[in-house]
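Enquirer: There's a structure below that I have some questions on.
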């Protein structure tokens, strides 16, 4: 995500912070899943690093938004307005939301920790959500019949990271949810790379002159 961090700082513009929400949602569930079923500690550290990274990205995006949208009405988490969920004006509002979600998730998990169905469903939901993070970009490329504006370097980094991660799942005999969804994630990455090849080789529409360096999965 250093690629995206640099892009946001250089162009001083943000796209959509929904990816950060989905990413933090799935890694938080994964961290909580650790209490119900053992898995390798490096995977837990990966999730913690991802949470910290997403918070740093949110802080940057919020700062950029405050600087560029001076006339926009300020929104906060305590407004409890669903129409502006995850579109708040200050970074502290996102921290408040994360804290509330963490407390509720830990409490529910504590109550249902003895339920095998709940624990396994929690693990599957976490890794399946993460595996599907690339599908909005895949669908967007299909709709536009183009991959213009998408960072190829970032997609290659996703693919290599997801491939190594899935191999690690298989070698360490991680819970089934991990390697099944890991394979699915790698398939999505390769599908996006195929779109890059196909739409560059067989253009479906005239190429626009507008260039962006960010992508859906990176936000």
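The backbone N, Cα and C atoms fix where each Cβ goes, and this holds for glycine too.
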Enquirer: Which one of these stretches, 1-18, 19-36, shows up in TrEMBL as transmembrane segment?
Expert: 19-36
Enquirer: Need the matching range: TrEMBL marks transmembrane segment on one of 42-64, 111-133, and I'd like to know which.
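Expert: Going through 42-64, 111-133 one by one, TrEMBL gives transmembrane segment for 42-64.
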Enquirer: From 85-110, 137-162, which range did TrEMBL mark with transmembrane segment?
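Expert: Checking TrEMBL against the ranges 85-110, 137-162, the transmembrane segment one is 85-110.
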Enquirer: Kindly say whether the transmembrane segment (85-110) and the transmembrane segment (42-64) touch, using the definition of 3 or more Cβ pairs under 8 Å where each pair is 6 or more positions apart.
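Expert: These two stretches do touch.
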